[in-house]
Amino acid sequence: MASGKFITFEGIDGAGKSTHIPFVTQLLRDRGLTVVATREPGGTELGERLRELVLHHKMHLETEALLMFASRREHLAQVIEPALARGDWVISDRFTDATFAYQGGGRKLALDKLDRLEQWVHPHLQPDLTLLFDVPLEVARARLDAERTLDKFEQEKADFFANTRAEYLRRAAQFPHRFRLIDSTRPIAVIQEDLRAIVAAL
Ligand SMILES: Nc1ncnc2c1ncn2[C@@H]1O[C@H](COP(=O)(O)OP(=O)(O)OP(=O)(O)O)[C@@H](O)[C@H]1O
Ligand SMILES: Cc1cn([C@H]2C[C@H](O)[C@@H](COP(=O)(O)O)O2)c(=O)[nH]c1=O
């Protein structure tokens, strides 16, 4: 059986991930591949309930990180691992890099604690490809403000997003074999050409 791949979309809020997920999903489906598109936190019934809690309720910062990994554990067991075992492709709007960026970079939790949680929850699985949509904070903020009511993370200050973005970029440099940095300040059609080339190279 052909083996599926695991692709994750990352970036600070408003960077443009969700805009491009349907496009990449369709590119893969046009090639005859079965694609499961999902998201974190969420992706399962329990995960969506945890999402509601972490996005809208104040809590201890370590509780927040633990809930992200709790949602992920369920997501892996119910959605991601079975799909990959079937040979399907999985596209996830965020995964563990988001915990390092937001809880590690933004919230300043110790990265070695997050490393230990990652080792516990998915010691052997990493994305095959991580698309990091990168924009300056002001661009992301302007896009969000135009859009809708902001959740707990989206209401954070510029400092939080500067640290979150910096941690994403640090991880992209640390894991160059799976990260592709997408300059998301460009027009959507131009970004889609990049994505087309990246998918073709897979
Ligand atoms: N390259 C772009 N140029 C101009 N506007 C864009 C671009 N990419 C996305 N947008 C717009 O920016 C807004 C935020 O985009 P999107 O929802 O894709 O971001 P996101 O990274 O998924 O954010 P979040 O993580 O908060 O869901 C949308 O209104 C979208 O249409
Ligand atoms: C997986 C994950 C997510 N977050 C944050 C990042 C976003 O602000 C929200 C998810 O909302 P989205 O707009 O649908 O991407 O949750 C986080 O802080 N840590 C994580 O591990």
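Glycine is treated like the rest: Cβ placed from N, Cα and C.
Given the structure is predicted, the values throughout are model-derived calculations rather than measurements.
Copied over from TrEMBL:
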DOMAIN    9-194  domain 'Thymidylate kinase-like'
BINDING   Gly11, Ile12, Asp13, Gly14, Ala15, Gly16, Lys17, Ser18  ATP binding site
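On the structure: features taken from TrEMBL.
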residue: Gly11; record: ATP binding site; Cβ within 10 Å: 27
residue: Ile12; record: ATP binding site; Cβ within 10 Å: 32
residue: Asp13; record: ATP binding site; Cβ within 10 Å: 20
residue: Gly14; record: ATP binding site; Cβ within 10 Å: 23
residue: Ala15; record: ATP binding site; Cβ within 10 Å: 27
residue: Gly16; record: ATP binding site; Cβ within 10 Å: 22
residue: Lys17; record: ATP binding site; Cβ within 10 Å: 21
residue: Ser18; record: ATP binding site; Cβ within 10 Å: 13
Assigned element (helix, strand, coil) containing Ile12 (ATP binding site), judged by DSSP: coil
Additional residues around ATP, ordered along the sequence, whose Cβ is within 8 Å of the centroid of Gly11, Ile12, Asp13, Gly14, Ala15, Gly16, Lys17, Ser18: Phe133, Val135, Ala140, Arg143, Ser184
Among Asp13, Gly14, Gly16, the binding-site residues whose C-beta sits under 6 Å from ligand 2: Asp13
Neighbourhood of ligand 1 - binding-site residues from Gly11, Ile12, Gly16, Lys17 with Cβ under 6 Å: Gly11, Gly16, Lys17
Averaged pLDDT, computed only over the residues in the domain 'Thymidylate kinase-like' (9-194): 96
